[in-house]
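Shown next, in structure tokens, is the structure this report addresses.
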Amino acid sequence: MQAFSCETPHRVLLCSIRPFRFLQLPADSRGLQTDLRDFGPYRRSADFATLPQVSETFRLGRVAGIPIGMNWSVLLILWLISWSLAGSYFPAVLPGHQSGEYWAAGLVGALLFFASLLAHELGHAIVATHLDIEVEGITLWLFGGVSKLNSEATSPRDELAIAACGPMISIGLSLGFLLAAAGLNAASAPELIVGVGLWLGTVNGILALFNLAPAAPLDGGRLLMAWLWHRRGNRLEAVVSAANAGRIFGYALIFVGLVEFAVGLGLGGLWLVFLGWFLLSAAQFEKSQAVHLNALAKHLVGELMTADPVVVPENLSVADLLDDFVLSHRFSSFPVQASDRQITGLVTLAQLRLVPAVNRERTCVKSIQTPISELVLTTPAEPADQLASRLASSADGRALVMEHGTLVGIVSSTDVMRSIDRLMIRQEA
Ligand SMILES: [Zn+2]
């Protein structure tokens, strides 16, 4: 049987664990992106500005408690895979069937391939869950799958276990599909069914091999990082080395893709260019994230918080809040307190903006605030890097700093960004 066709975009799909976590900007921070780009170090590396986003368009459900989502681009890839299998691959290797049979085989193959990809991601996610790392979810998208983990592995051994499990599942699936195809063939099953099994065995093998390339953020890059971390005992150095390998790999893919496109090998070349570009930016992002978190690790929340924030009473109307507080203070969020002085939540300018002008008099702050139960709480003594990681997974990117039950400060993503900026400038000086 002919080797796996290289003409179509499904030849490489990658899996990537948590490439886009750090200091996610709050949804209401319009304009903040621009601010960031104007910051010194970010202007140079444009880390945050060029970061590709993997967003979930549909929620598919939960497996083992882990939310599974899908980006709309998966539909496009599903169609491309089915189309190339039904339109060229199966007719070439197994001629003489009806078009409908090819399409059925193509669709089944494409769906089972995405199921295999999901199994690969679940491998990472389930191992992470067992190691007490919170998994926000798995998203399938254009280039494959992403498992979003909310914190980092605490040892090289944990990092290795999380990274290794995905490719191991793909290798297992590859062998399983190949054995099933051999069994079906021996049992004289229809040749198209055997063909689908062989194809699935092959692509799962390719998926495992490609992802084992020693280049972050691919699984192989994480294995490399775990090994270097174990050998050198320095996590930051290991992350930077693995990310550098990822950048080289990204450049190599772009180069190969451009050459393929130039010599007329089809759209597969362009696909490689996009994939390389994606890997390049993800590797660059991982590197700067590690450097920044490392800079923050030497500092405490108390050093970067805005102390003694302006607190507003919860029965205040939105109109009064706008007149008496917003216009006279530079803050973009205000902690809210009840009459017994207990803090009950936080209200942001974005939330105030959503209240139509005609309703401002009769809407009280309490009804639009984010309740304290949904806010990130910290203490002045928490290491700043730990808070930064927690803020990245919070909805509005702000934390209240409490000490002995009293509010002493507030930290926003912007505060953290500014601190990183100062620290980086000081390091460069
Ligand atoms: Zn993986």
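Count begins at 1; order follows the chain as displayed.
Any Cβ shown, glycine's included, is placed from N, Cα and C.
Automatic, uncurated: that is what TrEMBL annotation is.
Record features (TrEMBL):
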| type | residues | note |
| --- | --- | --- |
| DOMAIN | 305-362 | domain 'CBS' |
| TRANSMEM | 68-90 | transmembrane segment |
| TRANSMEM | 102-119 | transmembrane segment |
| TRANSMEM | 160-180 | transmembrane segment |
| TRANSMEM | 192-215 | transmembrane segment |
| TRANSMEM | 261-280 | transmembrane segment |
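Residue counts for the domain 'CBS' (305-362) under DSSP, split into helix (H, G, I), strand (E, B) and coil, are 17 helix, 16 strand, 25 coil.
For the transmembrane segment (160-180), the partner stretch with the most Cβ pairs below 8 Å, chosen from 68-90, 102-119, 192-215, 261-280, is 192-215. Residues 10, 13, 15, 63, 68, 74, 78, 81-87, 89-91, 138, 140, 144-145, 169-170, 173, 192-193, 195-196, 199-200, 203-204, 207 of the same chain, all 6+ positions outside the transmembrane segment (102-119), place their C-beta atoms under 8 angstroms from a C-beta of that stretch.
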